[in-house]
């Protein structure tokens, strides 16, 4: 196992334990609003602190980028740990048991290691560049769908960017006529992990942040899928507009989305 993957798994499991314990004692959870329709809890912060501490013990020189506390610049900026300590905070607050810890390691701009951990199901999704993706140690392969017929697609509503609401609904309408059904779970990290596992056939979302998808992106790629922006390019790291699935599913999704995209979403 890649040495950084070992530490990422250790950090994810420790954070997962913090999350699971607090899920059982909801009265101890303190939630606040940090932005429009965007929440944070004391549990997000506690899980993040555990992850940072675990990384720092082994790699004190590395840079860490987190959702809640921003960038912790290290002396080695070529290595970045990109962390979402609790992806699916709203689900957690509402006691809907679907959320995950997401940790990715990027070296010189390429994601090399990925972990997405679901503490409620004890499902550990891992990937190392060039070595495949796994779920609890078993090799993952994504969907073998040849087009959108019969597929289940996952998505997330653009609740932080409601200026795209009409465009988003139009895209959903276009895709829904071609696929079998949609799922909207509330955790982009798990959506991408589920694409890697073949539980859903494709995924798209508007305006994600790097910590939402950095780990999930590598899981998808290492399970035989591809990830692109809304025009089939690679600008999703900047825009957060992301489409994922096997090559044929992504091609079909992009073809259906194309005519509905505003200029802002074509970047």
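Cβ atoms are placed via backbone N, Cα and C, with glycine included.
Per Swiss-Prot, the feature substrate binding site maps to 67, 86, 87, 88, 89, 183, 212; the stated evidence is similarity to another entry. Residue environment of residue 183 (substrate binding site) contains 13 other Cβ atoms, counted within 10 Å of its Cβ in all protein chains.
Annotation source Swiss-Prot lists Mg(2+) binding site at 67, 84, 86. All chains included, 33 other C-beta atoms sit within 10 angstroms of the C-beta of residue 84 (Mg(2+) binding site).
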Binding-site residues: 67, 87, 212 - member with fewest neighbouring CB atoms within 10 Å: 67
Residues close to Mg(2+) site centre defined by 67, 84, 86, Cβ within 8 Å: 44, 47, 48, 66, 68, 83, 85, 87, 89, 101, 102, 211, 212
Cβ neighbour count (within 10 Å, all chains shown) around residue 89 (substrate binding site): 23
Integer Cα-Cα distance in angstrom, residue 183 (substrate binding site) to residue 84 (Mg(2+) binding site): 22
CB contacts for residue 86 (substrate binding site) [other CB atoms within 10 A, all chains]: 30
